[in-house]
Amino acid sequence: MPGDFAATLARSTTDPSTKDQVDVLDLQHTWHPFTQMQEYASLPRVHIERGEGCWLIDTEGKRYLDANASVWTNVHGHHNADLDAVLKAQLDKIAHATYLGLGHEPGAQLATKLSKLSGLDRVFYSDNGSNAVEIALKLSFQYFQLTGQSRRRRVIGLSDAYHGDTFGTMAVGDCGIFHERFASWCFETERIPAPTCDELGGEVFDSSMKASLDALDAHFDKFGDEVASVIVEPWIQGAAGMKLQPRGFLREVESRCRQYGAHLILDEVFVGFGRCGPMLVGREEGVRPDFICLAKGLTAGYMPLAATVTTEEIYQAFLGDFGEYKAFFHGHTFTGNPLGCAVALKSIELLEALKQSGQLDLTIKAFEDFFRSLREMLPETFGLSQRGLAGALDLPPGDPDERRGLHLCIALRERGILLRALGDGLLIVPPLVISPSEIEFLKEGLIQTLQDKAFIQ
Ligand SMILES: *Cc1c(COP(=O)(O)O)cnc(C)c1O
C-alpha cells in the first residue's frame, strides 16, 4: 500500500476525532472515478451532505459554490422545490419498473417531448452519456447491415473528442492519457482535426475550419461507401478543455454526410439543455442529425438517465418478424427509469420558462462579462475561453506533474468554491441558475486564490 495512503488511513482509524466517520469509511472502501487514489488520500477531502441552489454543503456544515455544476449536470440548482416535488410524487407511485417490453407514462411523455425538441422521432433510453453514444454507434452499424450496406462500418471522429469511457466510446474518442492504455482493444476510427475558434465575452475572434473539412472530404473521397457515421461534439469539446468550434461547421459536416450517405451523430451530452443558450445546439444551427445523444443536463443533474434520439427511417429498418432477428439487442437494467423520466420532463418545462423569460440570456451575459473582466485582469499567459455557461481558465504553461490545477482547486475550497481541474485548466461550468452575486463571489474567490498562490500579483 502506498505510504501516504497507509499513513492517512492509520491516522483516521486510530483517531476518529480528527476525521469523521464518513471519511474513514470512504478511505477504507471507496474508489473514486478519474482519481489517483494515492493523491486523493493525501489531500484534504470533502464529503457532501446537502445541496441548496448553487451551493453544496459538506459534513462539517461548510458551504461551497458548485462552480462545475456537479460535473456539468446541474441546471436548476440543488434541492429545487419543483423538481423535488415531482420526484416525490413519482416515488409515491413507483421508483422503477423495467422498460424491457413494458411502458410507463413518464417514459412516453418524455419521449414525445424529446422528439418535439429535436425534430426527430424515436427515443431509446439508457442511463449515462457513454451508453447514449454507444447505442447511437451500434444502431448506425446495425442499420447499414439491415439495409444491405454492410460495407459501411467506418466511423469518423474529431481530434480531441470525448464521448465516454466504454470501449465503443473510447474507440471514437481521442483523449490521450485517458484511453490510450486500452487502444489495442478498441476498433479503428478515422480522425479529422477538430476546427477551433477563440471566443470570449460573446465575441468570436478567429475561426478556421477549412483544414478540418478538407480532411473530412479526403476521408469521404477515399472511403465514401464504407463510412457508417461521423460523430461530433457540437459547439464545445468540453473534456478537451472547452475547445470551441466555429459556428457553421455542423452544417458543412451534415451536407457531406448527406452527400455520401453516412449518418451524423451529434453528442450533445454536454451542450444540450441550455448550457450554451439553445435547448439543442444542432437544432439551433438548423442541422438534422440521424442521432442525438443526451445525458448530463437531461435530468437537471438529478438522476442517471440518458437518451439516444433517432429518426423514424432508422427505426423502421429494425422492424420485421422476430425470426428475422432485426431487433436491437441492447438494453440496460435501469433503462427509462421512471424517476429520471419524471424529473427530466419537469426540468425541461422549467428550462423553457427560464429561456422564455429572458433570464437565461441575462445569466449568460453576466457570465460573459465575468470572463471579459478576467481577460482584463489576468496576464496574456493565461488562456481563457467561454461560450454560454461553459468556460475554461488555463494556467500559464508549466510542468503538468506539479499538479497546479489540482492544488489551486484545493485552495479555492478555502474560499467556498468547488471546481475540478483538468490538468492545468480550470473548467468553470455553473448551474444555469447562477445569480450575478454568485458570479461575483466566484470571480473574487478566483482572483484572490490566484494571488494567494502567486500566479498573479
Ligand atoms: C460526459 C460526456 C460523455 C459521457 O457521459 P457519462 O454520463 O459520463 O458516461 C459523453 N460525451 C460528452 C460530450 C460528455 O461531456
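In case you wondered, yes, glycine gets a Cβ from its N, Cα and C as well.
Feature list (source: TrEMBL):
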- GLY129, SER130, ASP267, HIS332, THR333: pyridoxal 5'-phosphate binding site (BINDING)
- TYR162, LYS296, GLY331, ARG420: substrate binding site (BINDING)
- LYS296: N6-(pyridoxal phosphate)lysine (MOD_RES)
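For ligand 1, no neighbouring binding-site residues occur among GLY331, HIS332, THR333, ARG420, by Cβ distance under 6 Å.
Listed in sequence order, the binding-site residues near GLY129 (pyridoxal 5'-phosphate binding site) (C-alpha within 10 Å of its C-alpha) are LYS296, out of LYS296, GLY331, ARG420. On a Cα basis, SER130 (pyridoxal 5'-phosphate binding site) lies 13 Å away from GLY331 (substrate binding site).
Put simply, ASP267 (pyridoxal 5'-phosphate binding site) is 9 Å from TYR162 (substrate binding site) when counted between their Cα atoms. DSSP gives HIS332 (pyridoxal 5'-phosphate binding site) a coil state; it is part of no helix or strand. Under DSSP, SER130 (pyridoxal 5'-phosphate binding site) is assigned to a helix (H, G or I) in the three-state scheme. Here SER130 (pyridoxal 5'-phosphate binding site) is positioned 20 angstrom away from ARG420 (substrate binding site), judged by their C-alpha atoms. Here the binding-site residues are SER130, THR333, and the one ringed by the most other CB atoms within 10 angstroms is SER130.
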